[in-house]
Amino acid sequence: MGKEQQLYYGKHGTPQKYDPAFRGPIYNRGCTDIICCVFLFLAIVGYVAVGIIAWTHGDPRKVIYPTDSRGQFCGQKGTKNENKPFLFYFNIVKCASPLVLLEFQCPTPQICVEKCPSRYLTYLNAHASEDFEYYKQYCLPGFQKNKGVAEVLRDGDCPAVLIPSKPFAQRCFPAVHAHKGILMVGNETTYEDGLGSRKNITELVEGAKKASGILEARQLAMRIFEDYTVSWYWIIIGLIIAMVLSLLFIILLRFLAGIMVWVMIVMVILVLGYGILHCYMEYARLRGEAGSDVSLVDLGFQTDFRVYLHLRQTWVAFMIILSIVEVIIILLLIFLRKRILIAIALIKEASRAVGYVMCSLLYPLVTFFLLCLCIAYWASTAIFLSTSNEAVYKIFNETSCPVAGKTCNPETFPSSNESRLCPGAHCQFAFYGGESTYHRALLGLQIFNVFMFFWLANFVLALGQVTLAGAFASYYWAMNKPDDLPAFPLFSAFGRALRYHTGSLAFGSLLLAIVQVIRVILEYLDQRLKAAENKFAKFLMSCLKCCFWCLEKFIKFLNRNAYIMIAIYGTNFCTSARNAFFLLMRNIIRVAVLDKVTDFLFLLGKLLIVGSVGILAFFFFTHRIRIVQDTAPSLNYYWVPVVTVVIGSYLIAHGFFSVYGMCVDTLFLCFLEDLERNDGTPERPYFMSLTLKKILNKTNKRQAEA
């Protein structure tokens with residue numbers, strides 16, 4: 001070993017020494033990072049305890065049903081409000097009060113009703129007429145007409161006026177509509193407030209602005225929901241096609257890796273080329289059509305996305321984007337053509353490994369199931385925590401009152417001193433909260449819930465990586481493949497990971513979870529600072545977000561390679577991470593080229609599958625396939641099922657290719673270890689396949705002599 005090589009190895013660690021007893025993943029190993037395993041166990045116990053406490057105190061009905069002024073649910077079965085699903089506000093104009101922002105509740109009485117008002121009436125006109133029976137259903141429960149008009153309105157027993165309303169999110173909002181740009185309720189632009197004066201409709205709009213502000217969004221959501229109801233089975237068929245294509249692609253890759261890779265590259269180029277041609281054809285077709293030359297800036301945001309497809313500028317933008325992607329891919333292929341040949345050989349070797357461990361293709365289902373459990377537990381715990389507050393009642397008054405905002409009891413309030421001090425004040429439900437230790441700790445429990453979700457989700461992913469790495473490492477280090485391959489390598493690797501390395505997996509996933517929680521906090525702070533004018537704060541926030549994004553990517557890369565070393569040697573996390581990092585640094589050129597070129601080829605495979613299924617879905621849902629033209633459902637937005645199929649296809653393809661990616665990474669690290677451990681002599685033969693030896697001009701001397 002030369003002096004320069006000694007200095008180089010000293011800088012990036014020392015290579016693994018030759019061990020004649022080494023034949024792949026070590027079976028006689030001990031537990032690693034035990035203290036982290038203990039911490040994970042305690043954290044899970046605490047997480048379960050938090051879930052039990054949340055389920056004990058929580059009430060998801062608070063999310064589903066609106067509540068009246070006494071905190072009673074509207075429309076809930078088994079209660080007196082079972083047939084009253086809608087919440088009615090006595091004076092919705094009060095919802096524009098600043099108190100709404102402070103207390104998250106309108107300072108006006110609210111009751112549950114069977115249906116929203118459909119008539120315009122005032123209490124002044126209705127109390128002495130036959131309309132009173134209709135009006136009475138919008139008064140407080142149990143109201144009797146034994147008071148004067150002034151007393152009834154002062155005590156808030158009945159609303160001063162009924163306005164035609166429509167339900168939204170189980171709440172009654174004024175049925176405001178626009179006629180020639182003028183806001184109206186019914187045929188009127190003003191309304192009588194029931195107290196002898198007339199007010200402008202805009203005051204109602206201000207009070208109900210949250211509902212009117214999301215009216216278009218609600219219509220969009222309803223149309224999207226309708227599209228899902230009539231196209232869900234076709235979406236499932238599209239996802240099944242994506243799964244079959246992914247599986248077929250991987251099976252063919254085992255036997256025709258070289259041809260498939262080049263066919264894949266050509267197909268991606270052709271798909272992008274067709275996309276460019278289609279954009280140009282649409283651009284040419286719209287020439288001369290009325291309104292097609294309007295710019296995207298002038299058009300602004302539209303909830304009906306089909307409007308954008310009638311603009312020539314939209315298709316020009318699509319064509320430019322696709323052309324740039326096409327040129328970038330072609331240039332990369334030209335400059336990396338030699339390295340692609342080496343990557344193809346690595347993929348062929350990975351194909352053989354996957355072929356001998358076929359059950360590895362099903363392991364993503366295990367990861368998916370465990371991740372679903374993590375997500376379900378996190379989501380349910382979050383809902384129960386957010387609904388575990390107690391009903392808090394506050395004193396509300398339309399005029400100034402010294403006790404306004406104080407906590408009160410609705411049962412005893414009518415006879416209390418506060419009621420006599422402020423005539424006309426109401427003790428009504430304000431929000432859900434509490435003064436106990438548990439309620440004060442709710443924010444901390446929610447943060448803990450998020451943290452544990454990240455930790456457990458990363459642990460599940462780490463378990464999958466170690467399991468696959470152990471199985472594929474067993475394949476590589478088998479001298480006579482597949483005869484020396486152990487029985488059930490995947491199950492053996494899974495058992496070793498759980499039995500010996502739970503602590504190491506917990507350590508690696510903990511580091512990643514901490515960084516991810518910090519990124520979530522930074523995103524939250526960034527949203528809060530968007531309205532700020534402090535440019536330095538915005539710059540600092542952008543720098544922090546960028547730094548932690550890079551840190552997360554680096555930790556993911558380091559963890560992935562550390563897990564491979566753990567699967568092979570059974571060392572603890574820090575030792576494995578250090579050895580993997582130094583091994584990669586000693587072979588940085590191979591890492592930068594071979595590994596990344598392989599990742600690029602896998603990305604092209606995903607694009608081919610997603611593009612093929614996406615184009616098929618596009619032609620089907622736009623009724624452009626004549627054979628099934630009458631079978632395709634009629635939709636409000638054809639892009640709803642198309643986008644769903646595209647996203648689902650990508651996730652399915654990613655699941656299959658993730659197994660392949662882990663196989664390539666594992667074989668690559670084993671290959672680097674093989675080059676450093678062995679020299680091809682009869683005492684230290686190479687374990688790599690004949691194909692890899694041929695590419696690298698390496699031979700075992702006994703074979704060469706033969």
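Positions of Cβ are set from backbone N, Cα and C atoms, glycine also.
Swiss-Prot lists 1-33 (among others) with the feature topological domain 'Cytoplasmic'. In the predicted structure, the topological domain 'Cytoplasmic' (1-33) carries a mean pLDDT of 64.
Positions annotated as phosphothreonine by Swiss-Prot: Thr14.
Long-range Cβ contacts of the transmembrane segment (34-54) within its own chain (Cβ-Cβ under 8 Å, at least 6 residues beyond either end) map to 377, 380-381, 384-385, 388, 438, 445, 448-449, 452, 455-456, 459, 502-504, 506-507, 510, 573. The feature transmembrane segment is assigned by Swiss-Prot to 34-54 (among others), with sequence analysis given as support.
Taken from Swiss-Prot, the feature topological domain 'Extracellular' covers 55-232 (among others).
Per Swiss-Prot, the feature N-linked glycosylation site maps to Asn187 (among others); the stated evidence is sequence analysis.
Under the heading N-linked glycosylation site, Swiss-Prot lists Asn200 (among others).
With a threshold of 8 Å between CB atoms, the same-chain residues lying at least 6 positions outside the transmembrane segment (233-253) that come near it are 260-261, 347, 351, 354, 361, 605, 608-610, 612-613, 616-617, 620-621, 632-633, 641, 644-645, 648-649, 652-653, 655-657, 660. Here Swiss-Prot flags 233-253 (among others) as transmembrane segment.
Proximity of distant same-chain residues to the transmembrane segment (257-277), defined by a Cβ-Cβ separation under 8 Å and at least 6 residues beyond the stretch ends, is recorded for 249, 318-319, 322-323, 325-326, 329-330, 333, 340, 343-344, 347-348, 351, 601, 604-605, 607-608, 611-612, 615. What Swiss-Prot lists as transmembrane segment is 257-277 (among others), and the listing cites sequence analysis.
The topological domain 'Extracellular' annotation in Swiss-Prot covers 278-315 (among others) and rests on sequence analysis.
As annotated by Swiss-Prot, transmembrane segment applies to 316-336 (among others). Remote same-chain residues near the transmembrane segment (316-336) are listed as 265, 268-269, 272-273, 275-276, 279-280, 283, 296, 593, 597, 600, 604 (criterion: CB distance under 8 Å, separation of at least six residues from the stretch ends).
According to Swiss-Prot, the feature topological domain 'Cytoplasmic' maps to 337-364 (among others), an assignment based on sequence analysis. Same-chain residues lying 6 or more positions outside the topological domain 'Cytoplasmic' (337-364) and placing a CB less than 8 Å from one of its CB atoms are 247, 250, 253-255, 257-258, 261, 464, 467-468, 471-472, 475-476, 481-482, 485, 489-490, 593-594, 597-598, 601, 655-656, 658-660, 663-664, 667-668, 689, 691-692, 695.
Packing against the transmembrane segment (365-385) from elsewhere in the chain are residues 50-51, 54-55, 57-60, 63, 442, 445-446, 449-450, 452-453, 456-457, 460-461, 463-464, 655: each is 6 or more residues past its ends and has a CB under 8 Å from a CB in it. Summarising the annotation, Swiss-Prot assigns transmembrane segment to 365-385 (among others) and lists sequence analysis as the type of evidence.
According to DSSP, the secondary structure content of the topological domain 'Extracellular' (386-457) in residues is 29 helix, 16 strand, 27 coil. For 386-457 (among others), the entry in Swiss-Prot reads topological domain 'Extracellular'.
What Swiss-Prot records for Asn397 (among others) is N-linked glycosylation site.
Marked as N-linked glycosylation site by Swiss-Prot: Asn417 (among others).
Taken from Swiss-Prot, the feature transmembrane segment covers 458-480 (among others), and the record attributes it to sequence analysis.
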_C-beta crowding around Asn397 (N-linked glycosylation site), within 10 angstroms_ = 18
*Taking just the CA atoms, what is the gap between Asn417 (N-linked glycosylation site) and Asn397 (N-linked glycosylation site) in Å?*
15
*Distal contacts, the transmembrane segment (505-525) - CB-CB under 8 A, six or more residues away*: 33, 36-37, 39-40, 447, 450-451, 454-456, 458-459, 461-463, 466, 497, 541, 544-545, 548-549, 551-552, 555-556, 559, 562-563, 573-574, 577
_Summarise the topological domain 'Extracellular' (526-563) as counts of helix, strand and coil residues per DSSP._
32 helix, 0 strand, 6 coil
_Helix, strand and coil counts within the topological domain 'Cytoplasmic' (337-364) (DSSP)_ = 27 helix, 0 strand, 1 coil
